[in-house]
Amino acid sequence: MDGIISSTNMKKIDAYATENLGIPSIILMENAGVGSYYLLKDEPYKSYVIVCSTGNNGGDGLVLARQLFVAGKFVYLNIVGDMDRQTDEFKTNLEIIKKIGLSYRLIKNKEVDLEILKAQIQRSDAVIDAIFGIGLTRDVEGIFADTINTINEYSKYTVSLDIPSGLECDNGIVMSTCIKANRTITFYKTKNALVNESQYSGKVDVVPISIPYDLNI
């Protein structure tokens with residue numbers, strides 16, 4: 001599917017889909033995660049580390065984690081960020097994660113939690129990056145930067161959802177640090193920063209999320 005879109009226009013499209021077309025944002029999230037699963041299901045990877053933030057990019061990651069888990073893959077699920085700032089869609093998907101029996105860890109402490117993340121990555125075939133989406137506008141710092149750097153150092157194969165975490169969506173600037181993905185699964189249309197399949201994005205695939213493709217907002 002061809003087409004390029006800016007972060008501003010993508011946000012407008014998302015808002016139009018929910019407010020005017022009546023597509024709940026949690027349905028868009030489900031479509032993103034399920035579509036990502038179908039791109040990955042025939043890959044040879046049997047074990048995954050999935051790292052999510054508490055926003056909607058992280059929610060996409062939770063949907064993918066659930067799909068991989070129920071398909072019999074081994075999933076190490078990690079959440080980084082303030083649990084008091086979960087979006088409603090993230091919160092709903094996390095409740096589902098709990099009910100299906102998929103455990104998760106919180107990444108809070110650099111010395112302890114990142115050592116555990118490192119060990120998980122070393123035991124796994126692939127890493128899913130679902131930390132930051134297209135809304136990132138400031139430098140990545142603190143535990144987020146440390147988490148990204150740990151993934152970059154130890155991952156054998158990294159897949160980013162929508163955009164590599166730390167990459168500014170419109171101009172491709174690295175916001176202090178950035179996931180170096182082998183593959184990026186982006187949603188609806190290709191984002192500006194992904195057009196040339198850079199060293200940060202790797203191969204780019206586009207997943208439709210049930211929003212009409214020809215909207216002119």
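Glycine residues also receive a Cβ, built from the backbone N, Cα and C atoms like all the rest.
In TrEMBL, annotation is done automatically, which means it is predicted and not curated.
Annotated domain 'YjeF N-terminal' per TrEMBL: 10-217, in sequence order.
Residues or ranges marked as (6S)-NADPHX binding site by TrEMBL: Asn56, Asn57, Gly58, Gly59, Asp60, Gly133, Ile134, Gly135, Leu136, Thr137, Arg138, Asp139, Asp162. When Cβ atoms from all protein chains are considered, those within 10 Å of Ile134 ((6S)-NADPHX binding site) total 25, not counting its own.
According to TrEMBL, the K(+) binding site annotation covers Asn57, Asp129, Ser165. Summarising the environment of Asn57 (K(+) binding site), the number of other Cβ atoms within 10 Å of its Cβ, over all protein chains shown, is 27.
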Rounded inter-Cα distance in Å - Ile134 ((6S)-NADPHX binding site), Asn57 (K(+) binding site): 9
Of Asn56, Asp60, Asp129, Arg138, Asp162 (the binding-site residues), the residue whose Cβ has the fewest other Cβ atoms within 10 Å: Arg138
Spatial separation of Ser165 (K(+) binding site) from Asp60 ((6S)-NADPHX binding site) - C-alpha basis, Å: 13
